[in-house]
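Take a look at the structure below.
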Protein chains: 4
Amino acid sequence: MPVDIEGEVPRKANRGPAAGPENRRALLRAAREVFTESGLSAPFSAVAKRAGVGQGSLYRHFPDRTALAAAIFEENVAEIEVFLAPEERTLDDLFDVISDQAVVSTALIDLTVGNRHDPAVIALGARFREVVERLLARERAAGRVGAHVDAADIMLAAGMLAGELSRIDEAERAETSARARRQFRRAFAA
Amino acid sequence: MPVDIEGEVPRKANRGPAAGPENRRALLRAAREVFTESGLSAPFSAVAKRAGVGQGSLYRHFPDRTALAAAIFEENVAEIEVFLAPEERTLDDLFDVISDQAVVSTALIDLTVGNRHDPAVIALGARFREVVERLLARERAAGRVGAHVDAADIMLAAGMLAGELSRIDEAERAETSARARRQFRRAFAA
Amino acid sequence: MPVDIEGEVPRKANRGPAAGPENRRALLRAAREVFTESGLSAPFSAVAKRAGVGQGSLYRHFPDRTALAAAIFEENVAEIEVFLAPEERTLDDLFDVISDQAVVSTALIDLTVGNRHDPAVIALGARFREVVERLLARERAAGRVGAHVDAADIMLAAGMLAGELSRIDEAERAETSARARRQFRRAFAA
Amino acid sequence: MPVDIEGEVPRKANRGPAAGPENRRALLRAAREVFTESGLSAPFSAVAKRAGVGQGSLYRHFPDRTALAAAIFEENVAEIEVFLAPEERTLDDLFDVISDQAVVSTALIDLTVGNRHDPAVIALGARFREVVERLLARERAAGRVGAHVDAADIMLAAGMLAGELSRIDEAERAETSARARRQFRRAFAA
DNA sequence: AATGAATGAGGCTTCATTCAT
DNA sequence: CATGAATGAAGCCTCATTCAT
């Protein structure tokens, strides 16, 4: 029962510009968590709260939901790039990362799809396509993938898989992922 | 606070209980349109408005979003049952209906997935599975589908396809649908 | 999942005018129950539903909440009149009835107070006052009540008691009633 | 659907966080007024409007009706504590404050009674009881109150009085208050 | 005279966004 | 540059009341 006669407002100290990058990271982490737990429609403000950051800062870093989604997407793509860089990575490894990222990814996908024409989104799509193309070339050369398969096939499969995984219960993900991958392996086999 | 500018009270005439079934149909039609155009997150009230029906009537017929989704889903399943009944229907025909229904279907899927444990939803899922099983038996007998394929495979494929189609632009649907079906045909081939 | 293609509406048979008084009784009983359970602010329609009667019939019998309250009040007063008629009834008996009726009564009181100028309400108030006056005359004659007490005192006490009882938990009613009556007995003693 | 007739966007200026405590006070004042005038069932939003404050701010300060009631109650109890602190205050002074606060108090009482188990409400009840106990001890010591009276008696009387006063017309309050206090004086006399 | 569906106003609450400090 | 309160529009849902049958 705060009596609050002369209203002390004990607000968090302003830590100055130094806090910028740190806040940005906190926001991204928080956004992943929030979107994972509550879906895309989670209150935008929940992200700020979870990150322990003011509403205003959230808006400064990410002027809208798309910007936030793009930033997360960017991290995902970066992770994929790194993970798939080694020569020995296979299509199966791609599906592994996709499966791992699925839940957040699809909230993402839904969002990015809604802003398909945003330049940032387009750029990220292109980066992802690059990865896929390099991978595909290797897989084809190794005879693990037939000539009838092109990058669009892989991307479609990845999208469908991510979408499906994001919709279902945690408990069913592993099995569903395995089943889908069996299908795609057969579909893509040489 | 009706201002009652000209003493006009333009409350729509109460057409009496006779309007009931008609309203129900109008609401379902409107719901399909609205969800197709604006996705699941469209204001629930938009459905009533589009149907030309009072808010209250919407709630009487469908106490919540799930009830409405289940009713649409029911119509879809009924259509699928009828369409796939003839002996000569194939897996490709299933993918045809799915593709046709995709946009609404996925709003549906998202919704039904959210209420996976609603008895009505469960019952409809079971009906769909029945159809798939009958179809699969025929396809297998005809040698068009391999023994490695089970009903869950078909249902997964249908779900992934519908999900994907619902996310993309109208313009890309035909091609994407064709591509996915090529993949599934190969995956399921004997 | 009613398909409802040609909408049969199996409505309750119209039992004709004979049902009138029966419905009225059912409505009053239902109203007591509903107001007791859910307070005055219970949906008006809940009364009709509980009574197993159409909305329209409720409105026909009782054009508004006040009319309904007045009718219940009327029954209460009638009961009080009968109960307190015998020579040997005392002030304590009055408090007994009040306590019994308290929960519904106060929903009533709140409502009637809101329509203090409704003729029906005024008439009922007068009838209650009559009862009180007769009782008071007897009690005074018997030397059980002092000369300093008038009808308004009794009515005030009754009102305060009913109000209090209506607010508290079922479990505390007996004790609170006893305590209040101890106070009033002392206050009114010769 | 803001029609935006002249491109005018007359959104009230955001006066910033500084407005916080001021808003809180305005809301409490407004709540007292609104509840006094229209009873507990007044639209919650009326409080915000009366206070000249956005809906959202109302909800920020008081997440629900109970929180608001508790805050008003808190002010009342604080006032009572201060007013009854001096040695020379009597039971009659208590009834004075109660009478003064009656109208709002009972909206309060009705509300707090509905949330009897809210910790804030419990704490306030305890504070009130403390005041009553101190007062009662003095009155008893002074021989103005009999040994048969305990704190529960006083609290019951106060509750009944407040309840009654809140129900009746402004015009009758003074007389009713006087009458009730005559009764209690007699009931509690040594 | 009874029935119960239809109607829509209005209260409730949440949330995106702005902006004083 | 960060903070978080303020704002109000807009969706949700309930309910009093009407009225065709």
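Every residue gets a Cβ built from N, Cα and C, even glycine.
Feature annotations, reproduced from TrEMBL:
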- B:43-62: DNA-binding region (DNA_BIND)
- B:21-80: domain 'HTH tetR-type' (DOMAIN)
- B:1-22: region 'Disordered' (REGION)
Checklist outcome for this item: Tertiary contacts of the DNA-binding region (B:43-62), defined by C-beta under 8 angstroms and 6+ residue spacing from its ends, are 12, 23-24, 26-27, 29-31, 33-34, 68, 71
Checklist entry - Helix, strand, coil residue numbers for the DNA-binding region (B:43-62) per DSSP? => result 15 helix, 0 strand, 5 coil
Checklist entry - Looking only at the domain 'HTH tetR-type' (B:21-80), what is the mean pLDDT? => result 92
